[in-house]
Number of protein chains: 2
Amino acid sequence: MTSSPQSLHRVNYAAPRSFGTLLKANLKETLFPDDPFHEIKNEPISRRFLKGAQYFVPIFEWLPKYNFKLFKYDLLAGITIASLAIPQGISYAKLANIPPIIGLYSSFVPPLIYAVFGSSKHLAVGTVAACSLLIAAIIEGKVNASDNMPLYLSLVFTATLFSGLVQTALGLLRLGILVDFLSHSTITGFMGGTAIIICLQQLKGMLGLKHFTTHTDVVSVLRAIFHNRKEIMYTRKNASLQKNKKPKLFWVSAIAPMVTVIVGCLFAYFAHAEKHGIQIVGHLSKGINPSSIHLLNFDPKYISAPIKAGVIAAMISLAEGIAIGRSFAIIRNEQIDGNKEMIAIGLMNIFGSFTSCYLTTGPFSKTAVNFNAGCKTAMSNVVMSICMMLTLLFLAPLFSYTPLVSLSAIIMSAMLGLIDYDKAYHLFKTDKFDFCICMAAFFGVSFISMDIGLMLSVGLALIRALLYIARPATCKLGLISETGLYRDVEQYPDANGIAGFLILKLGSPIYFANCNYVRERILRWIRDERSHTISKGNEIEFLLLELGGITSIDITGVETLLEIRRCVQAKGIKMILVNPRLGVLEKLMVTESIDTITKESVFLTIEDAIDACRFSLKCSDHIKTENLAIV
Amino acid sequence: MTSSPQSLHRVNYAAPRSFGTLLKANLKETLFPDDPFHEIKNEPISRRFLKGAQYFVPIFEWLPKYNFKLFKYDLLAGITIASLAIPQGISYAKLANIPPIIGLYSSFVPPLIYAVFGSSKHLAVGTVAACSLLIAAIIEGKVNASDNMPLYLSLVFTATLFSGLVQTALGLLRLGILVDFLSHSTITGFMGGTAIIICLQQLKGMLGLKHFTTHTDVVSVLRAIFHNRKEIMYTRKNASLQKNKKPKLFWVSAIAPMVTVIVGCLFAYFAHAEKHGIQIVGHLSKGINPSSIHLLNFDPKYISAPIKAGVIAAMISLAEGIAIGRSFAIIRNEQIDGNKEMIAIGLMNIFGSFTSCYLTTGPFSKTAVNFNAGCKTAMSNVVMSICMMLTLLFLAPLFSYTPLVSLSAIIMSAMLGLIDYDKAYHLFKTDKFDFCICMAAFFGVSFISMDIGLMLSVGLALIRALLYIARPATCKLGLISETGLYRDVEQYPDANGIAGFLILKLGSPIYFANCNYVRERILRWIRDERSHTISKGNEIEFLLLELGGITSIDITGVETLLEIRRCVQAKGIKMILVNPRLGVLEKLMVTESIDTITKESVFLTIEDAIDACRFSLKCSDHIKTENLAIV
């Protein structure tokens, strides 16, 4: 190209940044995107230490400012979630096939740990149905709970320890990024599928009960059915209330499980339900959590099951805990640090596994109740913890009369609330692929198994992610008349192509997985354009590639650009690059491809490129005519 | 925002495209990016049929136009590659632990099939060292070749069949995209690693030979050493010649293996090498390929090995065959269709497995020789095939005297040429991550195993791909003075921010895997910007998000945009979207988020957005002063 007109804007060919600078920048973006230490940076060392302690142990930050006014709110919220924790703890422990008392233990120690290390103000700690079932399903594969309860229980504690270790490690290594790959769609489907299988299990339990009673007497069958009806009524009530977001009614929903348990206990006690064949929870011994360190089992014969259960449950419970923490933080316009949350949740599971607790996280339902009950700080968890301690010390035996059907009703009630039809319908209406990801989890969990369902869904989400990369959208730009703007001709039908030019905007990024596609697609654009314009008689002379949308490029991508250049050159077309971003330009310079492409073929704006191309055309025409004149 | 100034460009809010349209467009981009039927589209039906046949069976296209002049070139090229095929066939069959005659068979049938279905003009069909070794390694895991050769051989044929089926299926399903995920860096490392282990194996063989001869007599040791030296000389010569790209010298490199074999044979024959303990290939029976359909073995006891070997070898041989075909097509400015090539390679392996051939593809070295020898069409493969037939029918027994060391020398010679130091150094210099991917394959293959090395490397490449998505680059835009252009302030240091505005350009795409990152990053930009500007006294009032680089967005991404809006609004900042592309705008409209964001907050250019914002500011100031005046 000959000398270009004066008005051109200059592309900046500063020397590429060094490898060290790039590595540091990339690592920072990958691992510390939220710049967690920004508050500490400009402080004196003594304050840095305090700030650092406050950063890692948030209780240091909020406890000094704590006052009685806040405590009133937290007390109320704490008692409310404690009343939820007792029936849920017993129920979910049943789901995990472990003694009900473990469920109560699990609401005593972990909330205390979370109150110290957790950064969310609204998260309420507790056991969750999905993970309870998941752990049971995986560990049952090795050891049958009814055959060898001590071994089974020790493996559950070991799985909890592994979960805690994995969660803490992910947090310390700042790998919150891994949890990001569990999308909302996956979680929605997974929760729905889990809810379905849990409900079916409970129904089976109820049928089992019926079958059992027919063997004894007719009266108890009727009673059982009557009882079932009552529970189902409760169930429906709960389910509808859980959906009902009116804050005033949430109390009913929050207290309902406790009421169910109390009514059930009274019924069972006075009707001597046990004698009529209605199963009850059975003996619950007084006393707080015993140590379980000696129970942790690393026998190589069994170790694979707790590791698998621990790792999968760790990811799911993190996804649930962090997602719910974030949601409420956003409502209150606060920020929570995912990696810090991971450490807090991980620590609470590690300590939990030492003190006879199994896997805990921040369940959706309990956290919502906590939030609605007006909690102000993590103190509500402490209040719940103290309530649980009192229960364990004095009231535990009272709950031994709880009929199992009450628990089933509580579980089903909670589960029905987890099936989020609206969300699924919303996904179906707005994004079919997200809907497929959700359904893969739902049907996979319902019909195959929890881990396979989850992997199917995550796999689909990853394929989608990779397809985004493998097939980056390109579009043809045209000039919107009277504006000087170049925009997608499909989006803005009044944008017109410019004779002799084909202007393409490439998607991001270009590299090995999509370079064949990008080349084929560009050649197809040229082919299509030619078949259109050939009738009009104006051939394409310049291919302008708008690279503003390309954030990065790898070696294969650079080679592809050179190949495209060679291909179009053979067709008599000159390739021009417009507005390459920093990363792309640097790579072009490092690989010295810029020397092949020539700096004269790179422009900062489309207008500049077009002006320069026209100028060079005119010059060459001029030279041609001059030559002719000389001849 | 109040009414905006007249000069604004209008964002196009046309109704979103229907799901069907989108699905069709996406499927087309994913599976038919090269629009393979574009030639057929506008033709009458009779011609369509012919064109279709020519498309699926390329020989119909080139054979009618074939003439004697072209044949002269192809004859020469065909004889050249045949002279390469005989020694390589025997050598690589030894690598795969199968009878050498199978190697010769494999250069007879598959080239004929490829000549019919293949679309590359330069690809020369043959067996390859890496896949030979891979198949041997995996099948040896089940059956020892020396213990039960018939079973071992039948599993090798079965693996070939599976390879062919996988390749054909990938081609028919147009899943060439899967092969794209084997990047050049991976292939470079994999080839290098394979070359190293093959060379070590051959050295071991040579040491074994030495050991063997010490047991007989001193003279033969010296002879063996002398012989080894001679071979090593050949080796060096070959290696240096293969690197030497001067076309005139390539003949030497092409003929060298054949010369090595002939010299070796003569030496072995006249020196009665066999009696002196120098191992020779042994009996090779006359006659062309026998059928091997009855040998295919689907015994469930063994089936896992041929399936695994078949699938991995299919992918690697496809990657090699297609890459090499493409490279030479680009040199000659022709196009080849990856999916069609897959079908051709697949069919040749399916038929191969029926006719006592094992896995074939288009090896780098042979194709290069074919190209340099001046081949014009796939006819050179037919010529090679006929040469092989003649060899099998009449000359096979002559090659039975080939000493094994000659074969080792040939293999090592070829292998040393595969170690691409320059490429590795280039990767190191220009892209450290690509270099890591390459080294993962190299060291994985050398020190662990071929399949694990490959998976390590592909895994790393995928992680990189996912990181691209998980951490899309955002940058702050500033106005380059006196130009009206908004560009990255890091890339163009003379670009200045505009008081009251923070303009960010987002990378592509926004969805579940990166939405947390995008939110955190934007909040960090705001924090950083505030800490800078707070001293100057001008607060940010508007956050402009330039979305031109975002090709797609999912539900989670849309929710993230809304969350960002809520977060910044709480800080008193208004969020403005600039230039959303078609896919993004459609998703905003489908989810009705555009009603929350309001259409008045979406602009086509940054200038428009800034003008409108300033206008609205002035208006509100005006109203304020008016109100004051009234008061």
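Glycine is treated like the rest: Cβ placed from N, Cα and C.
Feature list (source: TrEMBL):
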DOMAIN    A:491-613  domain 'STAS'
TRANSMEM  A:98-117  transmembrane segment
TRANSMEM  A:123-139  transmembrane segment
TRANSMEM  A:151-175  transmembrane segment
TRANSMEM  A:181-200  transmembrane segment
TRANSMEM  A:249-271  transmembrane segment
TRANSMEM  A:309-331  transmembrane segment
TRANSMEM  A:343-361  transmembrane segment
TRANSMEM  A:381-399  transmembrane segment
TRANSMEM  A:404-421  transmembrane segment
TRANSMEM  A:441-467  transmembrane segment
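Through the fold, the transmembrane segment (A:181-200) approaches residues 95, 129-130, 133, 315-316, 319-320, 323, 364, 411-412, 415-416, 418-420, 423-424, 427, 434-435, 437-446, 450, 453-454, 457-458, 461-462 of its own chain, all at least 6 residues removed from its boundaries and within a Cβ separation under 8 Å.
Beyond the transmembrane segment (A:151-175), the same-chain residues lying 6 or more positions past its ends with a Cβ under 8 Å from any Cβ of the stretch are 31-32, 96-99, 102, 135, 138-140, 142-145, 292, 295-298, 302-303, 305-307, 309-311, 313-315, 317-318, 339-354, 356-359. For the transmembrane segment (A:343-361), the residues of the chain that approach it from at least six positions outside its boundaries are 93, 96, 98, 102-103, 105-111, 113-114, 117-119, 125-128, 131-132, 135, 156-161, 163-172, 289-293, 295-296, 313-314, 317-318, 320-321, judged by C-beta separation under 8 angstroms.
Between the transmembrane segment (A:441-467) and the stretches A:98-117, A:123-139, A:309-331, Cβ pairs under 8 Å are most numerous for A:123-139.
Under 8 Å from some Cβ of the transmembrane segment (A:98-117) lie the Cβ atoms of residues 56-59, 82, 85-86, 88-92, 123-127, 145, 149, 152-153, 156, 281-282, 284-285, 288-289, 340, 343-345, 347-349, 351-352, 355-360, 378-379, 381-382, 384-385, 388-389, 391-392, 396, 399, all in the same chain and six or more residues away from its ends. In the predicted model, the domain 'STAS' (A:491-613) shows an average pLDDT of 86.
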